[in-house]
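The domain 'FAD-binding FR-type' feature in TrEMBL is assigned to 2-102. For Arg53, Pro54, Ile55, Ser56, Gly77, Thr78, the entry in TrEMBL reads FAD binding site. If you look up TrEMBL, you'll see Cys220, Cys225, Cys228, Cys243 marked as [2Fe-2S] cluster binding site.
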Amino acid sequence: MINKELLTIVETIQIAKETIKMRLQGSEKIKHAKPGQFVHIKVGNEGSHMLRRPISIADVNQDQQIVTIIFKVIGSGTDHLSKCHVGDVIDGLIPCGTSYPIEQITMDKALLIGGGIGVPPLYYLAKQIKEQGVEVTSILGFQSSEHVFYQSEFAELGKCHIVTNDGTHGFQGFVTDVIDQLDPTFDYYFSCGPTPMLKAVSSKLQDRNGYISIEQRMGCGIGACYACVVPTNDGSNGFKKICKDGPVFEANEVVL
Ligand code: FES
């Protein structure tokens, strides 16, 4: 069930170029947030940036009732959010959307493929499946070295390969190039990132079991406004709402 929470900022720090990590403390209800879900955060004051921004959940500390979000400053809303301080209280709907169905699937090895601001939700996923005994390999793509974050955090959970578009850190190229080079073994893959990357990944791994998480600008965030629809891939001319039926979908379930 989605709750409207008043979340107090307990930490805010820039961890890479234009990239902010924020830790938010709320009620005990936020403990139920799962990997893949997001917080729909209201940014700004009445009359200014009134739209909410969907920001994926990067981690949850259940004991302290703290949720970690990582976001990129890409417009006035996220710019406003980035300027908030420790002690400020923000309004968030949490937890929104679907999660990676890790309780319903059995696997020994997982491949995580993240791009840019699609990397954070994979961290909470990696932590949870590692706890279940799954061997985790991560391939994380960024524009350049100054955008890289969470390399050591992922490396603590398994093999972590970084790729940058300009080659200033790790492999040069795209995450799909690294999949080719490493040819990793896995039972399921999980991917989150920009749509072109998800398209390339799901096309390359079309015969494999996997889940993708779609990043999209949203309106209501709770399935009421149809601002986030995406066509289904079953020939029915149907559609899914990314905010409610997603953001996590089975790979090839929707047309990207
Ligand atoms: Fe309103 Fe998805 S954002 S239906």
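Heads up, the Cβ atoms here are built off N, Cα and C, so glycines get one too.
A map of TrEMBL features onto the structure.
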| residue | record | contacts (Cβ under 8 Å, 6+ apart) |
| --- | --- | --- |
| Arg53 | FAD binding site | His40, Ile41, Val43, Phe71, Gly77, Thr78, Leu81 |
| Pro54 | FAD binding site | Phe38, Val39, His40, Ile41, Cys96, Gly97, Gln216, Arg217, Met218, Gly221, Cys243, Pro247 |
| Ile55 | FAD binding site | Phe38, Val39, His40, Ile41, Ile69, Ile70, Phe71 |
| Ser56 | FAD binding site | Gly36, Gln37, Phe38, Val39, Ile69, Ile70, Ile117, Gly118, Pro120, Pro121, Cys192, Ser213, Glu215, Pro247 |
| Cys220 | [2Fe-2S] cluster binding site | Ala227, Cys243 |
| Cys225 | [2Fe-2S] cluster binding site | Gly219 |
| Cys228 | [2Fe-2S] cluster binding site | Gln216, Arg217, Met218, Gly219, Lys241, Ile242, Cys243 |
DSSP-assigned states of the domain 'FAD-binding FR-type' (2-102) in counts, ordered helix, strand, coil: 12 helix, 51 strand, 38 coil
Additional residues surrounding FAD, by Cβ distance to the Arg53, Pro54, Ile55, Ser56, Gly77, Thr78 centre under 8 Å: Phe38, Val39, His40, Ile41, Val43, Arg52, Ile69, Phe71, Leu81
Contacting binding-site residues for ligand 1, chosen from Arg53, Ile55, Cys225 when the Cβ sits under 6 angstroms of any of its atoms: Cys225
Gly77, Thr78, Cys243 as binding-site residues, winner by CB count within 10 A: Cys243
